[in-house]
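Heads up, the thing below is written out as structure tokens.
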Amino acid sequence: MDLIQSYDEEAVSSSPESSPPRMLKAKSSAPEVDDTALALTVANENQSKSKPINPTQHAVVFNPTYEQLWAPIYGPAHPYAKDGIAQGMRNHKLGFVEDASIGSFVFDEQYNTFHKYGYAADPSGMNYVGDVEALKQNDGVSVYNIPQSEQKRRKIEKNKEEREGEEKKEELGPEAENPATEEWLLKNRKSPWSRKKEVVQGELTEEQKKYAEDHAKKKEEKGQQSEAKGEHYADKSTFHGKEEKDYQGRSWIEAPKDAKANNDHCYIPKRLVHTWSGHTKGVSAIRFFPKHGHLLLSAGMDCKVKIWDVYNSGKCMRTYMGHAKAVRDICFSNDGTKFLTAGYDKNIKYWDTETGQVISTFSTGKIPYVVKLNPDDDKQNILLAGMSDKKIVQWDINTGEITQEYDQHLGAVNTITFVDNNRRFVTSSDDKSLRVWEFGIPVVIKYISEPHMHSMPSISVHPNGNWLAAQSLDNQILIYSTRERFQLNKKKRFAGHIAAGYACQVNFSPDGRFVMSGDGEGKCWFWDWKSCKVFRTLKCHNGVCIGAEWHPLEQSKVATCGWDGLIKYW
């Protein structure tokens, strides 16, 4: 208790009321600073803010006002000119020049007046410069303001000249009708030939004759070149079958009556059924006859196009010869009675399938890489061709005239694929891009070009019409949607084959369950559409397997073609 009492007493004695407050001295860890220099700087700044800026200084340490920036500098202090005009006020190396606008007609008028009379109006319009005496004599007229008296005098002189000319014509005798005489020249002095006398042609010298012959030859050759943009070759066709019409009078191209699809389910082929060998060089493309597939059309690098029987004999039915160089692409019309061929001889030919006659030939002087007919039944007369000069050219087959040119690509056009009920088409090119066009309008409505993209030499549409399969030259098949946005489907990607450097054709099975493609090693690859896994590979050809087509009716049969000149049926 005693201890507690003593503690309370101490606390009372140390309370602030009983003792005065103790003041502690403030301490700082920073070194002491001399404020004199800072005060001088602030004073200088305040002073400089009212003065104009010195143009010799390289840095301004404060924000100057508008007046300081544009204040004129007087005296010898100005570094660039002695006239004291501030640099900001200059619009010319010699100082400030006021703008003056003179109309081109006014300028020409005064310029020509000065050159004719020796005086001209000052641009201000207040006074004249040049010859003052001439100005007084002419009463200040310009070349465009001829006085009335002068105009009358000129008119009188002109009429006088005309009358004199007519009198001379009347005096001339019958010699005036001969163009070789002086009288004829006098009579027709206003004709374009008045200064030339007709010379009677004498005998040509040997040198002149030789020159004339050479010139005629060159002209003839030039005419032939312009006439024939593509190379000309005699069109002919040979029929190899027994007879062109059967006992009922039906044509050999008519489909068998019993040609029907057995079921809707497609299967991967396992073994070789038949081999067609008739081309002496590689085969670049094959196409089944539309809807029935009883005939197979093939384009060869031996400049020939052949059509083969698929159902019965398996023989070549007809050979079409009309190209001078290898045939690049072929395309059937909807009913199969006609087809198009595109060759490296720069010609596109439209053939009659049955008779083998060439209906018409088209050429722009450039190599066509792909040909397509508009798939609509009412537009079968419209032909589209992707050319080596970056254009897609549209012809009307009936008239033979070019009706449209789609010119936006930066490289040769490789494919043309119709989508969206044939209202639009997609084209691919060597410029590594895809472009979507509205049919008939040469404006790109969608442009697809990514840094990772490669050239796409073959494109095919899925049977449901919602997807495009594009053979990319980085050894994969990419899938794009055909809806409004044409987006890449990143989940679907088919790979494993080696197609880099070759325009191997990509295709779908009729039910859309399988994707297939040839490759550079002669194999034909089959992938499952849903899982994107490799289903089967077939070793089809020695060398490149360039084309692969699924039969439209027989669900488990596929035709392939290669650069070994063979067409195989699996």
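Start at 1 and count along the chain as shown; that gives each residue its number.
Cβ coordinates come from backbone N, Cα and C, glycine included.
These come from TrEMBL:
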COMPBIAS  158-172  compositional bias 'Basic and acidic residues'
COMPBIAS  195-248  compositional bias 'Basic and acidic residues'
REGION    1-32  region 'Disordered'
REGION    143-249  region 'Disordered'
REPEAT    276-310  repeat 'WD'
REPEAT    320-361  repeat 'WD'
REPEAT    406-438  repeat 'WD'
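Within the chain carrying the repeat 'WD' (406-438), a Cβ under 8 angstroms from the stretch's Cβ atoms is held by residues 369-370, 372, 374-376, 379, 384, 386-394, 444-449, 453-461, 465, 468, 470, 480, 482, 486, 503, all 6 or more beyond its ends. Residue counts for the repeat 'WD' (276-310) by DSSP state, with H, G and I taken as helix and E and B as strand, are 0 helix, 20 strand, 15 coil.
When pLDDT is averaged over the repeat 'WD' (276-310), the result is 85.
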